Amino acid sequence: MALSKIAALSTILASASLVAGHGYVSSIVANGQNYTGYLADSYPYMSNPPKSVGWATTATDLGFEDGTEYADPNIICHRNGTNAQLSAPVQAGSKVEIQWTPWPDSHHGPVITYLASCNGDCSTVDKSTLEFFKIDAVGLIDDSSVPGTWGTDKLIEAGNRWTVTIPDSIAAGNYVMRHEIIALHSASQKDGAQNYPQCLNLQVTGGGEGVPQGTLGEKLYKDTDPGILVNIYTTLSNYVIPGPALYSG
């Protein structure tokens, strides 16, 4: 594709992102049981919304956080994220299925999942104290054609569903799962990357004795990270997934 056409396509998609729908985690399946997430397009309008395993947010526009908020609490569990009151039990070593609402196919980027121990009750933990370790990440899968195939494309192909395995080595206890899409369609400009962090409470049973070292949510990213400030409308020889290294325990 000619460079002029690539530039034009980038501009069109960046403009479209202002009006295109975005998404959020509507439910998860853990230990074979379905749990409703925080329904950001309906629960905020209820006087007494149902309790959920998903953290509440005020992102009723289904919008995003960007690089200007990487040192702000909003990047941790989305806009004004507030503790979920329920937790989903899950066996260490088992899989959790995460269901998103329909994700726009123009919003290419990585899908990343973290855990953080609450060291107690996740319904009351101070989110600014949570230290996240990365348990799953899929970025650029294939770049044989611009803009490439990404984790988001894999998610869409699976019916807007993502499956992640809880490490079998981590200690039993209460954890916040921070599951996130970073859309890169406008990321060639500083603060153009769009973060969609979603937090959910898990009660991990079984497991080992692992207590992975984590990173505070407000220190996960910098707006100049190579996986954040990147032009996906050029051929990429390599893509570095943002955030700390993947937990290998």
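Glycine is no exception: its Cβ is also placed from the backbone N, Cα and C atoms.
As annotated by Swiss-Prot, signal peptide applies to 1-21, with the evidence given as sequence analysis.
For HIS22 (methylhistidine), the number of other Cβ atoms no farther than 10 Å from its own Cβ, over all displayed protein chains, is 21. The methylhistidine annotation in Swiss-Prot covers HIS22.
Neighbour count (other Cβ atoms within 10 Å of the Cβ, all protein chains): 24 for TYR196 (Cu(2+) binding site). Look at Swiss-Prot and you will find HIS22, HIS107, TYR196 tagged as Cu(2+) binding site.
Around ASN34 (N-linked glycosylation site), a 10 Å sphere centred on its CB holds 11 further CB atoms from the protein chains shown. Feature annotation from Swiss-Prot assigns N-linked glycosylation site to ASN34 (among others); the stated evidence is sequence analysis.
Per Swiss-Prot, disulfide bond is recorded for CYS77-CYS199 (among others). Annotation for CYS199 (disulfide bond): spatial neighbours GLY54, TRP55, ILE76, CYS77, HIS78, GLY81, ALA84, LYS127, VAL176, MET177, ARG178, HIS179, criterion Cβ-Cβ under 8 Å with sequence separation of six or more. Taken residue by residue with DSSP, CYS199 (disulfide bond) is part of a strand.
The feature N-linked glycosylation site is assigned by Swiss-Prot to ASN80 (among others), with sequence analysis given as support. Following the DSSP three-state reduction, the secondary structure of ASN80 (N-linked glycosylation site) is coil.
Taking all protein chains in view, 22 other C-beta atoms sit within 10 angstroms of the C-beta of CYS118 (disulfide bond). Residues or ranges marked as disulfide bond by Swiss-Prot: CYS118-CYS122 (among others).
In the three-state DSSP scheme, HIS185 (O2 binding site) falls into the coil class. Cβ contacts within 10 Å of HIS185 (O2 binding site), excluding its own Cβ and spanning all protein chains shown: 25. Residues annotated as O2 binding site in Swiss-Prot: HIS185, GLN194.
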Closest of HIS22, CYS118, CYS122, HIS185, GLN194 to HIS107 (Cu(2+) binding site), Cα positions, recorded positions only: HIS185
Long-range Cβ environment of CYS122 (disulfide bond), under 8 Å and at least 6 residues apart: ASN83, ALA84, SER87, ASN174, TYR175, VAL176, ASN201
Nearest of the recorded positions (ASN80, HIS185, GLN194, TYR196) to ASN34 (N-linked glycosylation site), judged by Cα-Cα distance: TYR196
Integer Cα-Cα distance in angstrom, CYS118 (disulfide bond) to TYR196 (Cu(2+) binding site): 21
Check: same-chain CB within 8 A of Cu(2+) site center, minus HIS22, HIS107, TYR196: GLY23, LEU62, PHE64, TRP103, PRO104, ILE181, ALA183, GLN194
Rounded to the nearest Å - Cα separation of HIS185 (O2 binding site) and TYR196 (Cu(2+) binding site): 14
